[in-house]
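Participant: Quick one: the structure is below, questions incoming.
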Amino acid sequence: METKLIIRRLLALVKPYQSRAWMALLSMAITAATQPLLGEALKVLLDDGFKDNIAFSLWWIPAILVSIFILRGIGTFGTAYFNNWVLSRVLNDMRAMAFEKVLRLPVARYQDESTGKIINTVVNDVRQVVDMIQSVFVACVRDVLVVIGLLGTLLYLNWKLTLVAIVVIPLTAVIVRTTTKRLRNLNRESQRVTAEMTGVVEEAARGHQVIRVFAGERYERQRFHRRSEALRGFSQRMTVAFAATTPVTQIATSLALSLVIVLAIQADMTVGEFTQFVTMMLMLLTPLKSLAEVNGPMQRGMAAAETVFGIIDSEPEVDTGSRELGRAQGHLVLENVVFRYPNALNPAMNGVSLEVKPGQTVALVGVSGGGKSTFVNLVTRFYDPESGRLLLDGVPYTDIKLASLRGQLAMVSQNVVLFDDTLAANIAYGAEQVDYERLAAAVRAAHLTDVVARLPDGIDTRIGENGSRLSGGQRQRVAIARAIYKDAPLLILDEATSALDNESERAVQAALDTLMAGRTTIVIAHRLSTIERADRIVVMEAGRIVEQGTHDELLAMKGMYANLYHLQFTAAEAQ
Ligand SMILES: Nc1ncnc2c1ncn2[C@@H]1O[C@H](COP(=O)(O)OP(=O)(O)OP(=O)(O)O)[C@@H](O)[C@H]1O
């Protein structure tokens, strides 16, 4: 993205707060104006104050000096106050926009991009952009104002001398320009590696059990080490590029300064005039130096802004439908659905047609990789088919508003996702207001009453990150309670493969029975009991439905299902 475009977009973000931004600018102008004022006061003091017959009351000295510093104090305070007022809001707005996209990104994006990168963009990159505005743009404006004030006064005092002095400015500009590009590239790379490193740390923390059991420490250490070494390299190269700029600029400045001193002596200046001139020249050095140093943070910020706008601008999930369904009957139809994952060669769903009547339960079975999860991904509209279509109650998926479609669905997946909040908030997840009666009913139906009774704060107990304070079976039942609470007509179940102990299993099964009653249910089935009770079993292989029927019908066919059944379940029963 072009620098100009990024700046324009950042300005657009500041626009809603422009009145305060102007106040900040005014404060900076006040601060800047005090510098030439100080120079002038110095001249008057030296030229008139140190004479034998002093022309003014001595009280004027503190009065003027203190006034200047009071003005300066107001300017400095105003600058900090108004800047933060504006920038903290810009930070929140940008974060909100980026987070909004995180919530609405197409599911496929989560496979292309690491979670670490997304987290890093919303949390760190946005911060870096705002830091850049603070340290770069604000500093630039303030410094430019100071430079204008000082230079204007200097030109007015003695334009020839001033011109000699400012030869240094274009020189500095050239030096700065040459390092710009390099710093920017290095920054982009360094940001990418930082995101990768966040990903590695995140995986290491999330996968700590697997790492320990499978002795993955060495592998993780290497992955981490590679990134941190790369980052160190970037930081060193950036420092070199950056550190070279400062001394070169300073040497050029000192050259100009010494020349000025010689010329001033020749031009018969008074002590006061000379001191004023040199003081103001020296005052000029600080803003010029910081303007020269602005480049590094600016490139860092620009690279971060590019990443943040990248997320903000990314396309959200397709939501072109206009129909609201109300409460659906749960009549689900797939018509010749073909689907291929992005970048995949073979279709994961290859001409699947199926009708599920309201209230029916369809069990999906098949070998691993057969397409069961893909089926679910299409029914939830996490992906759209390449050809063919899905219909709910006779309405094509693409005509239904996404929120309305998802409102008809409840899902209990194998990987139970719980949030670090109270049990109540987890069960009534997504509801605007918690209906406690409905909640109590869901708890009862999901066989959680005893569990809740044992929790210190009952239903209002916080359950920890991903429900770490609950057992596996309890977590599954919380997920079931969530689906019961939602009371949606279409239910997607991905049965857990991991076996629970008998008692938990019975509780989970009983909870599921309540949940499934009266709903259209698609279940990726692993339990024999679920399969036997399904109205229909659909056997999938290589993205196709290869057999379907009831348990008995399929066994009688002695085909793939019969094979699977004998392999998996009779073995399990025998145990
Ligand atoms: N995100 C993806 N990108 C590319 N290909 C994918 C993706 N997810 C799944 N596939 C492929 O699609 C096919 C169907 O996978 P799917 O996950 O639907 O199978 P499944 O029947 O659910 O398997 P399992 O029982 O092992 O969960 C597989 O060949 C798989 O490799």
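Just so you know, glycine gets a Cβ as well, placed from its N, Cα and C.
What TrEMBL records for this protein is below:
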COILED    176-203  coiled coil
DOMAIN    22-300  domain 'ABC transmembrane type-1'
DOMAIN    332-567  domain 'ABC transporter'
TRANSMEM  21-38  transmembrane segment
TRANSMEM  58-82  transmembrane segment
TRANSMEM  136-157  transmembrane segment
TRANSMEM  163-180  transmembrane segment
TRANSMEM  240-265  transmembrane segment
Participant: For the transmembrane segment (136-157), find every same-chain residue at least 6 residues outside the stretch whose CB is under 8 Å from a CB in it, and list them.
Facilitator: 10, 24-25, 28-29, 31-33, 35-36, 39-40, 79, 83, 165-166, 273, 276-277, 280-281, 283-284, 287-288, 290-291, 294, 297-298, 301
Participant: Could you give the residue numbers and ranges of same-chain residues that sit at least 6 residues beyond the transmembrane segment (58-82) on either side and whose C-beta is under 8 angstroms from one of its C-beta atoms?
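Facilitator: For the transmembrane segment (58-82), the list is 20-21, 23-24, 26-34, 37-38, 41, 45, 49, 138, 142.
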Participant: Residues of the same chain, at least six outside the transmembrane segment (21-38), with any C-beta under 8 angstroms of its C-beta?
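Facilitator: Those are 14, 68-69, 71-72, 74-79, 81-83, 85-86, 138, 141-142, 145-146, 148-150, 152-153, 279-280, 283, in sequence order.
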